[in-house]
Each structure stands twice: as structure tokens, then as C-alpha cells.
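J.: Just lifted these from Swiss-Prot, have a look:
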| type | residues | note |
| --- | --- | --- |
| COMPBIAS | 30-46 | compositional bias 'Pro residues' |
| DISULFID | Cys296-Cys304 | disulfide bond |
| DISULFID | Cys303-Cys372 | disulfide bond |
| DISULFID | Cys332-Cys404 | disulfide bond |
| DISULFID | Cys336-Cys406 | disulfide bond |
| CARBOHYD | Asn93 | N-linked glycosylation site |
| REGION | 27-60 | region 'Disordered' |
Amino acid sequence: MDGLPGRALGAACLLLLAAGWLGPEAWGSPTPPPSPAAPPPPPPPGALGGSQDTCTSCGGFRRPEELGRLDGDFLEAVKRHILNRLQMRGRPNITHAVPKAAMVTALRKLHAGKVREDGRVEIPHLDGHASPGADGQERVSEIISFAETDGLASSRVRLYFFISNEGNQNLFVVQASLWLYLKLLPYVLEKGSRRKVRVKVYFQEPGHGDRWDVVEKRVDLKRSGWHTLPLTEAIQALFERGERRLNLDVQCDGCQELAVVPVFVDPGEESHRPFVVVQARLVDSRHRIRKRGLECDGRTNLCCRQQFFIDFRLIGWSDWIIAPTGYYGNYCEGSCPAYLAGVPGSASSFHTAVVNQYRMRGLNPGTVNSCCIPTKLSTMSMLYFDDEYNIVKRDVPNMIVEECGCA
């Protein structure tokens, strides 16, 4: 399949398939179905890799004069698919960005990521391809939340964090930590000795405004640096009550005497702003049926997988999706002879959903023949900002078409 006409005609089928992924809400307001009375003109030679039956069998064929509009429709369908998989109603409204220095520090600490010369973040395994080993039953999310402050005068420093619980899912917190930077000021010490302080973090019990629990850690300091304190129980309790705001009071015993300064929310120290890291998992009990499929190589007319890459910069999403830089919105195309029909598993249920959509739109389902559709979908890792400016690292299931079949 070469050139824009081929890609756009293939996109006609994918538009229908994407709507099937998203469910009824993806269709928007009802529009009249295409008339099945007159057969469409044949596509340009080679436009679909050899078979005009591909899209007519799926009910998604469009005439050449409609192809320009269809590309835009296709991209909108892909956007809705991504937001649906992230359980978001719309893209976040990024009115003010998290300070770049703070974000870069957190990413380097947690992911060994790097910032390229063009300012884009590059992180191993977040390249838009399927995540290695991510198709198992266990789905893991990683959430990074940066500290804010109420500015209250107190002997303690009060910080708070808005921590997303990923669409109110039943998440189990595997590990959660507060990262705090301790800065050493000039101070005369005996040779070989270290500054020893005790950091205490008081966290407010959800639902009990007057009750505080504490975690503490003894720290021996030789130089300025980052230190972590465990908050697993505090954040698990927060999630269980359906709350998002985590209030912390931080004390440092011995810091003043030994010229140790914990860095909190300081405009002059953005790269050392405290942050909380939450690793949580959601167990998915569903099993996938694995099937082998064909790759579209220009030599086959049968149902196959066509690779298609979407750069997030080109659709205006690079301001809230940190990594990957784009999405492999692969799709299925090709003919489905009778001997290839009836692929079991996810294909059958998918085809049922598509036919039901056509029933609601008034199209006779008897005219819908066997269709080339995804039979295996894989997970993709994403790093993005949510509505609360948390950085979320999430393995998102059913994002990338890996194999295609007929049903």
C-alpha cells in the first residue's frame, strides 16, 4: 500500500474498527449510514494492496473525494481511543507546566531518562512499541506527584500532594516513597565525621483531621543529596477512602544545629522540589487468546496488519504526553475469504459490537460480511501529566494492534 490514497482507504476500515474499540460513546451524534444500493467505484490500483472487498466487507468504504475528511476523522478516532484507554474524558488542560528542572530530576532518579537537545524526554522502553513482558495479568502504574505548600507559619513545614488514583480503580500500592533533598551548608566538623540528623514525616490520617501518624529516618550526611522515606501505608489508606490529597508535615531534628537545610517548595530550588512516587498494580484476570497473523508487505491481499505511526507533536499532544513521542496505531486490512472467517476469541465479540453499531444506525447487518479485525492487542507504556499535574507512568492494555484475523 503506497501513498496517501492507500493509507486513507485503509483508514476507512480502521475508523470503523476504532469505533468498535471505543464502544457506543465513540460514535458521537448519529449520522445517516452509507447507501448499500449502489456499489462503490473500484479504488485506484494498488490502493488497498489488492482487494476492494476489504472495506466494503467492513462497511467502511469511502469514495476518493471523501478521503481528505476521513484522515481527520481517523485521527480523532485514535485520540478518543487513547483517552478512553487512559480513562480520561478529555486531554488535560496544561495551563502552567511543572518546572522542567523538577521534572527532569524526578525522571532521572526513577527512570534513568534523559532530555534531548530539542527538550523532549527520552526513556528506555517508552518508544511507542508494545511493552516487553507487559501482556501478563499484572498491570503496574507509577505516579509521580510534586509538592505544593499552603504557606502556613508553623514549626513544621506543611506540604501537600494531589495523587491520582488512575480513574478510581482498585489499586494496590506496592511501594510509595517521599523523596526529600537535604542540602548541607558550610559547617566545621571534625575530620572524618558526618552530620547525623533525624527526619520525621507526619501524615494526616484520611478522615481524621486531628490525627497524625509518623515515619522517621536517621540520616548520616556527608554531602548534599536525595533521601527517601516510606509512605506506602499512608497512600494505600488514601486510595481506600477515595481521597487524593496527601498532607505532610516534615520535621528535621538536628538540622538547624548542624547547618542542614531540607529543601521544600522554593522557586530558587526547583530541581530539588520534593516529590512522591507511587507504584501500584491492578490485577486483570482476563486471558488473551494468542493467534498468529500476517504482516502487510504489499504482496498479499489477505487480512494483515498494517503499521501506522502517529507523532504526538503533529496532533498537538506533546505538551501533556511526556513519553513516548508517538503511537503505533496499527490497523488491519485485506480480504477475508470464507475459509478465513470465524476466528474465535476477541475477534468474535469485536465483530458483534460492530454489527450492533450498524443495527443502531439502520444498516442491514446481512450486508456486512466477514471483516478483517484485530485479534490480538498489546500493552503500551506511557508517561504523561494528568489533570492535577501528576506525572503518571502507566502500562496501558489493549493499545497496539499486534495481529489481525477474520470474523
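Using N, Cα and C of the backbone, Cβ positions are placed for all residues, glycine too.
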J.: Within 10 Å of the Cβ of Cys336 (disulfide bond), how many other Cβ atoms can you find? Include all protein chains, please.
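T.: So the number of other Cβ atoms within 10 Å of Cys336 (disulfide bond) is 26.
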J.: If you count CB neighbours within 10 Å, which one among the disulfide-bonded residues Cys296, Cys303 has the smallest count?
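T.: The disulfide-bonded residues Cys296, Cys303 were compared, and Cys296 has the fewest Cβ atoms within 10 Å.
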J.: If you count CB neighbours within 10 Å, which one among the disulfide-bonded residues Cys332, Cys372, Cys406 has the smallest count?
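T.: Lowest Cβ count within 10 Å among the disulfide-bonded residues (Cys332, Cys372, Cys406) is Cys406.
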J.: Radius 10 Å, atoms counted are CB only; among the disulfide-bonded residues Cys304, Cys404, which position scores highest?
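T.: By the 10 Å Cβ neighbour count, Cys404 comes out on top.
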J.: Is any of the recorded positions Asn93, Cys296, Cys303, Cys372, Cys404 within 10 Å of Cys336 (disulfide bond) (Cα-Cα), and if so, which, in sequence order?
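T.: Close recorded positions: Cys303, Cys372.
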J.: I want to verify one value. Collapsing DSSP to three states, which class is Cys404 (disulfide bond)?
T.: strand
J.: Return the count of C-beta atoms lying within 10 angstroms of the C-beta of the residue listed as 'N-linked glycosylation site', excluding that atom itself.
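T.: Taking all protein chains shown, the residue listed as 'N-linked glycosylation site' has 7 Cβ neighbours within 10 Å.
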J.: Given the recorded positions Asn93, Cys303, Cys304, Cys372, which lie close to Cys332 (disulfide bond), meaning Cα to Cα within 10 A?
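T.: Passing the 10 Å Cα cut: Cys303, Cys304, Cys372.
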